[in-house]
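A.B. asks: Submitted below is the structure of interest, expressed as structure tokens.
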Amino acid sequence: MSAIEVEQITKTYKIGTQETHALRGVTASFNEGEFTALVGPSGSGKTTLLQIIGCLDQPTSGALRIKGQDVSRLNADQRADLRKGTIGFVFQFFALIPGLTAYENVELPLLLNGEGTAARKARVLELLDAVGLSERANHRPDQLSGGEQQRVAVARALSVRPLMVLADEPTANLDTENGKQVMEIMRRLNQETGVTFLFATHDPRVVSYATRVVQLRDGRIDDNHSAIPTV
Amino acid sequence: MFKIWKIAFRDLVRNRRRSLLTLLAIVIGVSLLLFTGSFYDGVFAGSLDMSIHLQTSDLQIRAQSYDADKISLDWKDLIENPQDLTGQIEAIQGVQAVTPVLWASGMLLSGSESVGVQINGIDPRSPIYDPIRQALTSGEMFAADDRGGVLVGESLAKSLGLSVGQNITLVTNTANRETDQAAFTIRGLFDTGVAQYDDSTIYMPLEKAQTFTAAGTRASAIRILLNDRTQAESYAAAFAAPGLQVLTWKQLNSILMDSVNASAAFIQLLYFIVLGMVAVVIANTLLMSVFERTREMGILSALGMKSRQILGMFLLEAGMLAVVGVALGVLFGGLIVYYYSQVGISFGQDIMEVKASNMITYGKVLYTQFSALKTMQLSLTALIMILLVAVYPASFAARLQPVQSLHGK
Ligand SMILES: Nc1ncnc2c1ncn2[C@@H]1O[C@H](COP(=O)(O)OP(=O)(O)OP(=O)(O)O)[C@@H](O)[C@H]1O
Ligand SMILES: [Mg+2]
């Protein structure tokens with residue numbers, strides 16, 4: 001079943017009189033459990049598409065359906081609520097809250113979702129273990145390496161058992177070894193939990209982990225270069 | 001609300017220097033205002049106290065037609081039978097002390113110099129003159145039946161080269177609208193701390209003053225001290241009688257009271273200026289914090305935090321700074337105020353003088369006065385003002401769109 005469907009999505013940015021057509025009609029669906037790479041040249045609209053799918057931004061036109069429900073016209077608070085329980089994010093920069101420890105960063109979405117203390121603790125420890133950072137639970141972001149921070153971010157993205165994790169160039173700021181580690185963890189968690197992953201990347205090595213590749217070009221999906229590789 | 005307070009607190013700790021500087025601004029602002037307020041309160045409480053004890057008392061009874069500005073000695077302007085009245089009032093409960101007084105304007109002649117003075121004919125046995133007894137720096141208080149003794153202000157005596165035991169000549173207006181002249185001996189010198197008062201005041205026994213001014217047994221006024229000053233109005237009403245006027249300490253010190261009100265308004269203005277400055281510092285700190293943390297706001301928003309909650313987080317941060325800052329400010333300012341309320345601030349000269357009839361003012365040492373009520377008001381005003389000011393940067397943070405704040409890598 002498709003977790004997320006986008007239909008004829010367009011996005012036009014207006015700065016003064018200048019219009020940028022970041023997306024010019026994108027239609028796609030992402031099934032539960034898929035591990036999809038979103039590729040394309042710089043400026044092709046990858047980040048824009050992720051932001052719209054992640055309900056961080058609204059499309060200029062078109063529809064976004066999450067589990068069959070149209071969510072493209074929700075207001076800001078409704079989108080916040082939707083994000084809170086349904087979507088996990090991993091960003092290119094290691095987007096942790098600087099004041100909180102690794103543990104607390106992973107715990108934060110659970111708190112926002114009103115999880116009880118015991119359930120929170122079990123979940124946080126489980127996830128920190130899954131990303132191999134049990135030892136680092138009480139370190140703050142500035143006491144962690146880039147790779148470690150990104151693994152905490154992955155753990156945080158998964159904490160509320162979201163429908164989907166969106167990652168925008170998650171390895172772009174990491175060296176090869178750390179990038180590989182993060183991708184392997186994401187792939188493993190994808191297989192273990194069945195969470196849908198969609199990640200934008202430029203890196204061919206990252207693409208090689210994908211079960212499916214979607215190619216964007218000038219704000220459109222280029223079907224000739226999109227593929228479902230055999231696993 | 002979640003761990004919002006924790007994020008807010010951690011941010012304050014993480015930016016230690018910024019937080020401390022902001023706290024410092026609040027502490028300085030609040031303690032400065034606390035001190036200024038208590039300084040002024042001290043000045044006025046002191047002035048009022050001084051004026052009441054040296055000059056006005058809590059109540060004065062005068063003839064209806066008496067005009068204090070003219071210091072009239074016409075018999076119709078004086079109280080006919082002050083001893084009777086004094087005796088009656090003395091018996092009333094709540095009256096601490098009561099004594100008749102006769103005022104006359106005159107001139108002190110010494111050698112080739114002459115100085116205008118106010119002559120006070122008093123009963124030296126009355127406790128109302130305890131302050132003068134305590135202010136004696138040399139010699140002693142004259143007896144009630146002393147026919148030639150006076151007290152002179154030390155500063156006046158010094159400027160004329162006089163000391164205890166020496167003779168002076170006094171010229172006075174009389175009830176007959178003439179002048180009389182007599183020689184007196186200085187029995188004592190007093191220093192009240194109010195130079196203007198000491199330079200122009202002569203005390204002599206009431207009976208001597210009465211014969212000197214041809215006033216018979218009459219008096220200009222009856223001075224009354226009450227156990228409870230705040231009850232002055234009801235006592236005044238009780239003492240009311242035809243042909244007499246009863247004045248309370250508020251009426252007698254109306255100029256001082258007016259200037260208290262005027263400066264209360266000034267203090268209020270000062271409050272708002274200083275608090276306004278503190279508020280700007282806070283706003284600046286928070287705005288900086290917002291700008292530095294746009295990405296963090298974006299992350300929190302991406303995690304599903306609503307703008308209302310982000311607003312709350314910033315207000316919480318401002319609130320924590322405000323509460324701690326105001327508390328420290330009150331503590332610090334309170335300690336300074338307490339210290340100076342005990343030790344006093346010594347000035348080389350009089351702090352202020354308002355020249356007006358029957359009005360004297362402050363001495364050389366000022367004691368600050370702590371007011372719990374005013375401190376509470378100040379704290380509350382500061383807190384509210386800081387929070388109000390924090391709304392702008394906080395709402396700025398809350399208005400940021402998640403995409404906007406996540407942009408820029
Ligand atoms: N907030 C914005 N305002 C105006 N134009 C924007 C905005 N965000 C993106 N764009 C424009 O939209 C187009 C698509 O941008 P987008 O960031 O989605 O590309 P991308 O595929 O993620 O690129 P990259 O690989 O460099 O990250 C670009 O031309 C970009 O300049
Ligand atoms: Mg991008």
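A Cβ is built for glycine as well, from the same backbone N, Cα and C atoms used for every other residue.
TrEMBL annotations: computationally assigned, not manually curated.
Below are the features listed in TrEMBL for this protein:
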- B:19-239: domain 'MacB-like periplasmic core' (DOMAIN)
- B:270-402: domain 'ABC3 transporter permease C-terminal' (DOMAIN)
- B:20-40: transmembrane segment (TRANSMEM)
- B:269-291: transmembrane segment (TRANSMEM)
- B:311-340: transmembrane segment (TRANSMEM)
- B:378-400: transmembrane segment (TRANSMEM)
A.B. asks: With CB pairs under 8 Å as the measure, which of the listed stretches B:269-291, B:311-340, B:378-400 comes out on top against the transmembrane segment (B:20-40)?
C.D. replies: B:311-340
A.B. asks: What same-chain residues lie close to the transmembrane segment (B:311-340): Cβ under 8 Å, and 6 or more beyond its ends?
C.D. replies: 1, 4-5, 7-9, 11-12, 19, 22-23, 25-35, 38-39, 42, 282, 285-286, 289-290, 300, 366-370, 375, 378-379, 382-383, 386-387, 389-391, 393-395, 397-398
A.B. asks: Report, as numbers and ranges, every residue of the chain located at least six residues beyond the transmembrane segment (B:269-291) whose Cβ falls under 8 Å of a Cβ in that stretch; write 'none' if there are none.
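C.D. replies: Same-chain contacts beyond the flanks: 11, 15, 18-19, 21-22, 25-26, 29-30, 32-33, 36-37, 297, 314, 317-318, 321-322, 378, 381-382, 385-386, 388-390, 392-394, 396-397.
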A.B. asks: Could you give me the DSSP helix, strand and coil counts for the domain 'ABC3 transporter permease C-terminal' (B:270-402)?
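C.D. replies: With helix first, then strand, then coil, the domain 'ABC3 transporter permease C-terminal' (B:270-402) has 98 helix, 6 strand, 29 coil.
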